[in-house]
Amino acid sequence: SVSSIVPESCLLIVVGLLVGGLIKGVGEKPPILKSDIFFLFLLPPIILDAGYFLPLRPFTENLGTILIFAVVGTLWNAFFLGGLMYAVCQLGGPGLNHIGLLANLLFGSIISAVDPVAVLAVFEEIHINELLHILVFGESLLNDAVTVVLYHLFEEFANFEQVTILDIILGFLSFFVVSLGGVLVGVIYGVIAAFTSRFTSHIRVIEPLFVFLYSYMAYLSAELFHLSGIMALIAAGVVMRPYVEANISHKSHTTIKYFLKMWSSVSETLIFIFLGVSTVAGHHYWNWTFVISTLFFCLIARVLGVLVLTWFINKFRIVKLTPKDQFIIAYGGLRGAIAFSLGYLLDYEHFGMRDMFLTAIITVIFFTVFVQGMTIRPLVDLLAVKKKQETKRSINEEIHTQFLDHLLTGIEDICGHYGHHHWKDKLNRFNKKYVKKCLIAGERSKEPQLIAFYHKMEMKQAIELVESGGIGKIPSAVSTVSIQNINPQTLPLERVLPALSKDKEEEIRKILRTNLQKTRQRLRSYNRHTLVADPYEEAWNQMLLRRQKARQLEQKMNNYLTVPAHRLDSPTMSRARIGSDPLAYEPKEDSENLPIITIDPASPQSPESVDLMSEEPKGCGGLPPSPEEDEDGLVMRVKEPSSPGTDDVFTPGTGDSPSNQRMLRCLSDPGPRPEPEEGEPFIPKGQ
């Protein structure tokens, strides 16, 4: 019941205090957490566990935010705190006047960094959502490079008689050397570990050893050259994991997982217990002004840094950080054993105020771990901050995640914007084309990501069934491949396909043909000009058109081909005008007894198409004059084309011939492809 209220790290520190007090009570000298033991043996397992099982996707998606908090935020905390503490020392009386600016800046760089051990211990228990967890934890991992650079920089500057501009510039450049150098060392050892695991198929027992060995060598190599050992460990774990897991056996994977968890848990327990013991055993110098000012300015610097940086970050983030998120990030900036060990490393020769620094550091650690660590869970519940949802990944989720990645990559390519998804896709292509072939043995190097994920899910489900004792009730979803992987047997070099009889093969082919052939037939795309006409539909269309537009056609067709005559022009000029552009003349009133000119529509633009022999006055030839046709001008009649034949359903009316229907359709919607019967005249027949 106590552990549900008080974090485990607080209880361990209390245990350390009790053990230290007991040892001191019996007259013995309690052991102190030495920096060499801490940095060489206790810290690496915790960082390797965090780096090897780092949730890579949320980490990379929020890498920009994490780097801003880790680099800019830590620099702000160090210089803000160091500058204010220097002012406090100058105003604080005779006991503090001798502490210079460099010593205060060194103290600020030690106490400003968020501690990954303390953050892990507290945040794992409150089950905060993934975004906040990766922001605070990622900051605590990556700010190591800034802390190492500032610590060594101010430590070296303290020995100088005078600090020049060149020293400051070199110190600034050393940050890039320390951080990028640590990452490079980690990547090199990660690739070597992955390449070594390719050849361990016949000695499965020592596979986990290579993971621990190369990771620890990466850490030691980085520390040897004063590079960031934490960055090297994280890089080694992230790089080696996908390739190592593809090569090693399942038993080796289980060994690595549980051994890392156990090792990091033991280290974490020892660190907090030793913190308590060292508090009792160490030499302390208490100065109320210095200690209280340190605690107050630590909180102020953290809050101001988070608020200002979040305001800037939210201008570029799609998912904004809300005020609740900002409060949790600021409140979760816990300090821990790294700050204590760095303070313990200080030399008495150059830093006579080391005991006061250690007392202030332990006070800040106890305040952040006890007060903030104990109250963060009730505050998370009070503010209703989103908790972590334990959900199992599914094939469906993996498919949609990959689909969205491809979609966003395509959108970035179309926009010409080389963003996060574009470079991620480039890296995945390079990894698939070159790196996997070198670092993964056998056919697994060519296995698609989705299939590999399915095999992993299948294996996990099979193991859960075996552990629960349900091996006799294995569902069909779990294949025999998973069960063989649990109890590995000697497999042949090549995978032999089961032999099928001819009847069975033919039956499978028949099923595939009947079910898959339909999906492979390509349908012609819709085009209104190439649709096949139904004869019955044509008949119904004729009937509808005749009923709806009979009156309109009777009124319009009489005036459609009427051309006005120019009063001053001669008949020859009038005929030429009519032949060149019969539609340009509007009907005139008061036209009587005008001759009818029959025009061959084959070439209506030429005046020779006018048939002068067929001119006759209206009323002759059996055509009675109608009142609507008493207009001033020439009336053209088109020659009767050859009859296209009558329809079986309807007898075509005067305005309902197929050519009339075609003309109306062409006028309403002229298509690009000519119809077969388009040799007939364009101008409809007269009444």
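Each position is counted from 1, following the chain as shown.
In case you wondered, yes, glycine gets a Cβ from its N, Cα and C as well.
Nobody curates TrEMBL annotations by hand; they come from automatic prediction.
Per TrEMBL, the features are as follows:
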- 502-529: coiled coil (COILED)
- 6-380: domain 'Cation/H+ exchanger transmembrane' (DOMAIN)
- 477-562: domain 'Sodium/hydrogen exchanger regulatory region' (DOMAIN)
- 583-687: region 'Disordered' (REGION)
- 6-25: transmembrane segment (TRANSMEM)
- 37-54: transmembrane segment (TRANSMEM)
- 66-89: transmembrane segment (TRANSMEM)
- 101-122: transmembrane segment (TRANSMEM)
- 134-154: transmembrane segment (TRANSMEM)
- 166-196: transmembrane segment (TRANSMEM)
- 216-239: transmembrane segment (TRANSMEM)
- 260-282: transmembrane segment (TRANSMEM)
- 288-314: transmembrane segment (TRANSMEM)
- 326-345: transmembrane segment (TRANSMEM)
- 357-380: transmembrane segment (TRANSMEM)
At least three Cβ pairs under 8 Å linking the transmembrane segment (288-314) and the transmembrane segment (66-89), pairs spaced 6 or more in sequence?
yes
Can at least 3 Cβ pairs under 8 A be found between the transmembrane segment (326-345) and the transmembrane segment (37-54), with each pair 6 or more apart in sequence?
yes
With pairs fewer than 6 apart in sequence excluded, do the transmembrane segment (134-154) and the transmembrane segment (66-89) have three or more C-beta pairs that lie under 8 Å?
yes
Counting only residues 6 or more past its boundaries, what in the same chain has a CB within less than 8 Å of a CB in the transmembrane segment (216-239)?
39-40, 43-44, 47-48, 50-54, 56, 116, 141-142, 144-145, 148, 152, 177-179, 181-191, 193-194
Which residues, given as numbers and ranges, are at least 6 beyond the ends of the transmembrane segment (101-122) yet have a Cβ under 8 Å from it?
7-9, 43, 46-47, 50, 74, 77-83, 85-86, 89, 136-137, 139-141, 143-144, 146-147, 150-151, 154-155, 157-158, 163, 230, 268, 271-272, 294, 298, 301, 332-339, 342-343, 346, 351, 353, 357, 360-361, 364-365, 368-369, 373, 376
Which of 37-54, 134-154, 166-196 has the most Cβ pairs closer than 8 Å to the transmembrane segment (260-282)?
37-54
Taken over the coiled coil (502-529), the model's mean pLDDT:
61
